[in-house]
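All remarks here apply to the structure that follows.
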Amino acid sequence: MYPAHLLVLLAVCVSLLGAASIPPQPLNLVQFSYLIQCANHGSRATWHYTDYGCYCGSGGSGTPVDELDRCCQTHDNCYAEAEKKGCYPKMSAYDYYCGENGPYCRNIKKECQRFVCDCDVEAAKCFARAPYNDANWNIDTKKRCQ
């Protein structure tokens, strides 16, 4: 093996060792799912919200089909506002607490983390208040969301 190859291999190993000491950061979407479970007291699994109506899940267009779908539209709009502020809402980790009255943001000083946490807490509480209509899960968005 050439000396240059050994240097490259050594550099890779050292950088991997350094990366191993950095604790993994939770993705915001995982935290959001915990907030949803906290707000609805575990009455409905988080995956029920991933393909609901026109706005719950990835993307969104058209007129929301009901109150729950409006919660998702509002959450999408909140994330869009966060992005305008230079935040990365799907990657922002924050500190929250699950209390008797549902989730709330806790001791957050950074503006982006606070903004995103507020988006997620409000959406989770909205989900818990809104009725869930099984007929609006996994709908044909090409027909119903124009």
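If you go along the chain as it appears here, the first residue is 1 and each next one adds 1.
Positions of Cβ are set from backbone N, Cα and C atoms, glycine also.
If you look up Swiss-Prot, you'll see 1-19 marked as signal peptide, on the strength of sequence analysis. The disulfide bond feature in Swiss-Prot is assigned to C38-C98, C54-C145, C56-C72, C71-C126, C78-C119, C87-C112, C105-C117. According to Swiss-Prot, the feature Ca(2+) binding site maps to Y55, G57, G59, D76. Summarising the annotation, Swiss-Prot assigns active site to H75, D120.
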* Asked: Between the recorded positions Y55, G57, G59, D120, which lies closest to C78 (disulfide bond), Cα to Cα?
  -> D120
* To do: Measuring CA to CA, name the entry from the recorded positions C71, C105, D120 that ends up nearest C87 (disulfide bond).
  => D120
* **Greatest C-beta neighbour count within 10 angstroms, which of the disulfide-bonded residues C56, C126** => C56
* Asked: Taking the centroid of the Cβ atoms of Y55, G57, G59, D76 (Ca(2+) site), which other same-chain residues have Cβ within 8 Å of it?
  -> C54, C56, S58, G60, C72, Q73
* C38 (disulfide bond) to D120 (active site) - Cα separation in whole Å -> 12
* Cα-nearest neighbour of D120 (active site) within the listed recorded positions, C54, Y55, C56, G57, D76 -> D76
* Entries of C71, H75, D76, C119 which, being recorded positions, have CA atoms within 10 angstroms of C56 (disulfide bond) -> C71, H75, D76
* To do: Identify which of the disulfide-bonded residues C54, C78, C98, C105 has its Cβ surrounded by the largest number of other Cβ atoms within 10 Å, counting every protein chain shown.
  => C54
* Structure fact -> By a 10 Å Cβ neighbour count, the lowest-scoring of the binding-site residues G57, G59 is G59
* Name the secondary structure element type, per DSSP in three states, that contains G57 (Ca(2+) binding site). => coil
* Cβ-Cβ distance under 8 Å to C117 (disulfide bond), same chain, at least six residues away -> S92, Y94, D95, Y96, C105, I108
